[in-house]
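So that you can see what the record holds, here are the features copied from TrEMBL:
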- B:Gly43, B:Ile44, B:Ser45, B:Gly46, B:Gly47, B:Ile48, B:Asp49, B:Ser50, B:Thr201, B:Lys230, B:Thr252: ATP binding site (BINDING)
- B:Asp49, B:Glu206: Mg(2+) binding site (BINDING)
- B:Arg181, B:Lys214, B:Asp221: deamido-NAD(+) binding site (BINDING)
- B:20-107: domain 'NAD/GMP synthase' (DOMAIN)
- B:170-310: domain 'NAD/GMP synthase' (DOMAIN)
Amino acid sequence: MKDQIRNFIAETTFNDPSIIKDDTLIFDEGIFDSMGLLGLINFLESEFNVVAEDSDLQEENFGSVERIVAFVLRKQAA
Amino acid sequence: MTKKPFSKDILHLENIDEVIDGICEKLREDVYKRFRRYGGVIGISGGIDSSVTLAIATKAFGSDKLLGIMLPETDSSPESEELARELANKFGVKSIVENISGALEGFGCYRRRDEAVASVIPEYNPVTDKMKVVIPEEFVNKNLPPVHYVSVTFKDGTEKKVRLPMKEYLQIVAASNFKQRCRANMLYYHAEALNYAVLGTPNKHEVQQGFFVKYGDGAADVMPIGNLFKTQVYQIARHLGVPEAIINRTPTTDTYSAEQTQEEFFYQMPFDKMDLLWYGWENDYSPEEVAPVMEMTPDEVSKIFKNFARKQKTTDYLRTPPLHDYNIMEGSLV
């Protein structure tokens with residue numbers, strides 16, 4: 001899952017996956033913008049069947065690859 | 001040079017006449033000498049920015065070298081045209097009305113937009129209901145890029161707000177942008193017919209944060225107030241005698257059928273606050289220096305600075321003219 005998410009971010013931002021570490025802050029680093037976030041929401045829904053509610057849109061859930069993975073796992077377990 | 005201590009009046013123009021004269025001198029230099037145009041056309045909306053642009057341009061060129069054009073369409077507030085007319089009369093500038101609704105119908109602007117809205121809010125009826133696109137205020141403190149919502153006010157006054165998926169968001173924006181681009185076409189028609197330049201009206205925030213449509217309201221030959229903060233635009237408006245009704249009007253987008261302020265659609269904070277914070281960020285004041293003046297915490301200031309940096313970076317595309325430095329011949333010619 002981690003690599004799938006990392007590859008999605010890398011592909012949609014034309015970056016090499018190696019620059020996106022588990023804890024790279026993808027918004028702070030300017031890797032992702034609004035479009036990236038919307039695309040990521042779609043991706044999580046289609047790939048992992050996880051629907052991000054309005055209240056889920058927090059940096060704690062989307063700020064880095066490791067946070068996104070934790071968010072997906074939490075949602076799947078709920 | 002040592003920086004002035006950060007304060008609430010750091011942006012106040014002490015030498016306002018000198019500032020205005022400087023802009024006027026550069027305008028004459030650019031329009032007359034560099035572009036060799038005889039005057040200027042301005043799209044006037046009854047808003048503060050186009051009004052101040054017209055007021056400054058009148059000082060620079062004289063009212064007989066200007067044409068003010070009102071460009072209403074189906075969703076425009078009637079107040080916009082009334083105020084624009086009042087402005088033109090006050091400054092003695094000839095004005096005309098060009099209604100662009102027919103052109104927008106032809107492009108399918110309204111149909112394409114409403115189709116996208118109805119796909120997320122199926123009960124939306126464009127004939128009776130009003131729509132707008134908003135960013136919830138809480139995004140300003142989230143340290144995440146903003147996500148847009150469509151808000152529909154039904155004819156019974158109830159409201160429904162839904163987060164926009166990417167496809168629908170892009171379609172609404174793309175369709176709505178026909179409005180600014182139609183206006184730009186009409187401005188350039190009149191400018192070319194008179195051998196005038198198009199005087200653009202964006203202020204510093206619009207330019208730097210990318211709150212304009214590329215080749216729409218961003219299409220212009222010069223942007224006289226493009227380096228002025230909004231509070232400075234208001235200061236000049238008062239100094240040059242822009243009608244009070246325009247000065248007191250809340251800045252709106254005048255783009256969607258429902259009424260919407262610019263703060264609600266894009267900026268997410270009042271102009272006086274944003275001016276100071278942007279100035280602080282742009283001039284490398286630390287969050288610790290800025291926070292006490294703004295009655296905020298350094299962490300709150302820091303989040304806003306990050307938002308500014310993100311906005312400026314992600315809107316670079318809008319400010320970039322077509323790239324043509326493809327030197328494919330370099331090295332291949334003998």
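For all residues, glycine too, the Cβ spot is worked out from N, Cα and C.
Take B:Arg181, B:Lys214, B:Asp221, the residues named in the record as contacts for deamido-NAD(+): the widest Cα to Cα gap among them comes to 15 Å. The most densely surrounded of the binding-site residues B:Asp49, B:Asp221 is B:Asp49 (count of other Cβ atoms within 10 A of its Cβ). DSSP labels the residues of the domain 'NAD/GMP synthase' (B:20-107) in these numbers: 53 helix, 13 strand, 22 coil. Geometry remark: B:Arg181 (deamido-NAD(+) binding site) versus B:Gly43 (ATP binding site), CA distance 12 Å. B:Thr201 (ATP binding site) falls within neither a helix nor a strand when secondary structure is assigned with DSSP, and so counts as coil. The Cβ neighbour count for B:Gly43 (ATP binding site), using a 10 Å radius over every protein chain in view, is 25. In three-state terms derived from DSSP, B:Thr252 (ATP binding site) belongs to an extended strand segment. Sequence-distant contacts of B:Thr252 (ATP binding site), defined by Cβ-Cβ distance under 8 angstroms and a gap of at least six in the same chain, are B:Gly47, B:Ser77, B:Glu259, B:Gln260, B:Thr261, B:Gln262. Those residues noted as binding ATP (B:Gly43, B:Ile44, B:Ser45, B:Gly46, B:Gly47, B:Ile48, B:Asp49, B:Ser50, B:Thr201, B:Lys230, B:Thr252) have their most widely separated CA atoms at a distance of 19 Å.
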